[in-house]
Amino acid sequence: MRHFLSLMDFSKEEILEILNLAKKIKNDAKSGKHKDYMPKKILGMIFEKSSTRTRVSFEAGIYELGGVGLFLSSNDIQLGRGEPMKDTARVISRMVDMVTIRTFEQEKLEEFARYSKVPVINGLTDKLHPVQLMADYLTIMEEGLDKNLIVAYIGDGNNMAHSWLNMASKLGFELRIATPKDYQVDQDILKEALKEAKKSGAKISTCFDPKEAVVGATVVTTDTWISMGQEAEKNMRIKDFSGFIVDENIMKLASKKAIFLHCLPAYRDYEVSEAVLEGEQSRVFQEAENRLHAQKGIMVWLDKKRDEKQKDKKSKKRDNK
């Protein structure tokens, strides 16, 4: 069973296959060539973390594919509390065709997937955010920047930074990450990415100076300094991230053709200036829309793989009779 838990579970060819599928689905929809890729399919949506973009994009996405979304919030279900995770997974996956989970621990997600009878998609964990990276890269492709790509990530070494490491190591582009010293990326994830980069040809580097990271970059990106669950650290984080704002001076150091990306929500004049967020180089709302299209590509691809596996099982059963 194929799941979408981490970009490291996929080859370069598979990632590009999904992205090209997403691009086709988007272009077809824009030109009126609608197709129900997943008629009457049910997507279970388990959200322990609240969301705007993730919920709307998945719910609208499955509807546009001909299916329906079943939303379960933290008030409806508590992963791993009371009923064992493996039981929850085995029950829910008998009633739906696919599950997307937005939760805190990557381990919870992976345990659910181990016992699930249907594909599971990582809608976000504290460790990784792979669906966002698919939307980001789809945006990069649309802008024609996927050749000789140089990405500068500035800010917190969080799930977005980790997923950028995963994507760069798989697709082979240059990634520079600048964080404060106390907010570096997970070293195990970095080591894995550097190991994979030897195969793909990716250039991955980390530093503590945003200016060093951004020189000549074709994509400049950041994320909020204060993620969900870190509200008590707000004042400390604002102080620690001083000097890491993506403003006009930072963007001037990037390539003239550079674009700015942010997964949103953005806090203006903290991690990014109002002028950059609303400026000509910003593609954040195109990027946000691409969550819808990228996730449609992921869902259709996983559903196809599941159908192929089921057909293969039936074929083997007939051969054994």
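Note that Cβ sites are derived from N, Cα and C of the backbone, with glycine treated the same way.
A TrEMBL annotation is a machine prediction, not a hand-curated record.
Source: prediction; values computed, not measured.
The Cβ neighbour count for Cys263 (carbamoyl phosphate binding site), using a 10 Å radius and every protein chain shown, is 23. For Ser51, Thr52, Arg53, Thr54, Gln78, Arg102, His129, Pro130, Val131, Gln132, Cys263, Leu264, Arg291, the entry in TrEMBL reads carbamoyl phosphate binding site.
Annotation source TrEMBL lists L-ornithine binding site at Asn159, Asp223, Ser227, Met228. Sequence-distant neighbours of Asp223 (L-ornithine binding site) (same chain, six or more apart, CB under 8 Å from its CB) are Gly155, Asp156, Asn158, Met160, Ala161, His262, Cys263, Glu271, listed in sequence order.
For the domain 'Aspartate/ornithine carbamoyltransferase carbamoyl-P binding' (2-142), the model's pLDDT averages out at 94. Annotation source TrEMBL lists domain 'Aspartate/ornithine carbamoyltransferase carbamoyl-P binding' at 2-142.
Positions annotated as domain 'Aspartate/ornithine carbamoyltransferase Asp/Orn-binding' by TrEMBL: 148-302.
Of all the binding-site residues in the record (Asn159, Ser227, Met228), the one with the smallest CA separation from His129 (carbamoyl phosphate binding site) is Asn159. Counted with DSSP, the domain 'Aspartate/ornithine carbamoyltransferase carbamoyl-P binding' (2-142) comes out as 65 helix, 23 strand, 53 coil. Between the binding-site residues Val131, Met228, the minimum number of other C-beta atoms within 10 Å of a residue's C-beta occurs at Met228. Note: the L-ornithine site is recorded as Asn159, Asp223, Ser227, Met228; in the same chain, Leu124, Asp126, His129, Asp156, Asn158, Met160, Thr224, Gln230 also have Cβ atoms within 8 Å of that site's Cβ centroid.
For Gln78 (carbamoyl phosphate binding site), the nearest neighbour among the binding-site residues Asn159, Ser227, Met228, judged by Cα separation, is Met228.
Counting only residues at least six positions away in the same chain, the Cβ atoms of Asp126, Asp156, Asn158, Asn159 sit under 8 Å from the Cβ of Ser227 (L-ornithine binding site). DSSP assigns Arg291 (carbamoyl phosphate binding site) to a helix in the three-state reduction.
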